[in-house]
Every structure is written in C-alpha cells, then in structure tokens.
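Heads up, the thing below is written out as structure tokens.
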Ligand SMILES: [Zn+2]
C-alpha cells in the first residue's frame, strides 16, 4: 500500500501560480493529455486514467467512468496521498492506488499516465516471461538516464488483478528498478514523469517500442 508522501517542492508549476491557478493548469494538462492518448487509440471506451500532482500534495485525477478523449474540467477530481477524495464529485479512477503508489515512491513524479493499448495488451498476453527486454532501439533514450541506443532495459509484466490493493503489493518491490514503467498483463501500461510533458514523451516512447516488438513477431527472424 502507498505511504503518505511529504509535500512536493519541485513540481513544474511556476512559483507565481496561486493554488487555484495551479489546479487549473493541472486540469488543462490532464484534458490535453487525454485527447492525445485518445488520438493514438490508447484509451478506448472509458479505459485509462491520468493524474497530476500539485505542490500541496493533492493529486488531480480523472473521475471513474469518463471517456479520456472528451474530458471536461469537472471530470478531474482531487485525492490525497492515500487516495481519498478531497475535491470534486464522484469516485476517482478505480486504479487510483496505483497512481498514489508511484507518487509515494518517487517524490519527483508529477504526472502518471495509464492506457490500454493494443500492443501492450496483445504482447503481455502472448508472453509468459515476467518482463519484456529492449535492446538497441534509438528511442530507449527517452527514458531517464539513457544516453545511447546501446543499452538494455527491462519492462516488468505483472499479472492483472481486480483487487488493486493486492496488485500494489506485487508492483511495490519492482518499482525501484523500473526505468520504463510497467505493464499489467492483458490490461495496459503505467508510466510517469516529473512533468506531464515528460510522462507523455515516455508513454509515446514506450508505446512505439511495444508496437515495434509486436511487428517483430510478424517478421521471421
Ligand atoms: Zn486500466
């Protein structure tokens, strides 16, 4: 289970922004990111969820059951570090604890994105391994600390579970070594970053690499 996190100091909100303006920026970032994920087909139906942490520790997150390509401002609500609603109407995403877990583990994390792409779903169901391994791809450089294609990164695959608290206990020990995010088998990806732009870049990078893996399986070695 996620632990409470200390207030975050270095999130990408200009110091001059008041609390209300900071909230507005977070909501705008989430709405734009939802539209971008939708254009790629990574959040079909009402799938996926997106969040953004504010400097006061509140987490702006998409409400349960809404389409991420057509988000309105009132479909973004706020939860605390434990996942309890502190602002807005309705239930937060069913997978809120997977977001708060990431924020608790990584004090610099400011945005978390979760989508249900075809590539992540098909590949993770086809493979029995506990991770996908990527080597030699130029786009590996999108992940933190990577400066060359000549590297190898592991993307953990964890089994799906409708009990999100239990799923958190499976993910927890894997988090410190995660450089790409992770995939829930037959379900989708989780990525994060120290801004919404960084999180989006990593999601796009990861989905590109997953699509490459899927294509490679169609081509005889
Ligand atoms: Zn999901």
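Backbone N, Cα and C atoms are what each Cβ position is placed from, and that goes for glycine too.
Noted in TrEMBL for the protein shown:
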| type | residues | note |
| --- | --- | --- |
| BINDING | 114, 116 | Zn(2+) binding site |
| DOMAIN | 28-214 | domain 'Class II aldolase/adducin N-terminal' |
Practice item. Which residue among the binding-site residues 114, 116 has the fewest other Cβ atoms within 10 Å of its Cβ, if you could check? Key: 116
Exercise for review: Look up residue 114 (Zn(2+) binding site) in the DSSP assignment and reduce it to helix, strand or coil.
Suggested key: strand
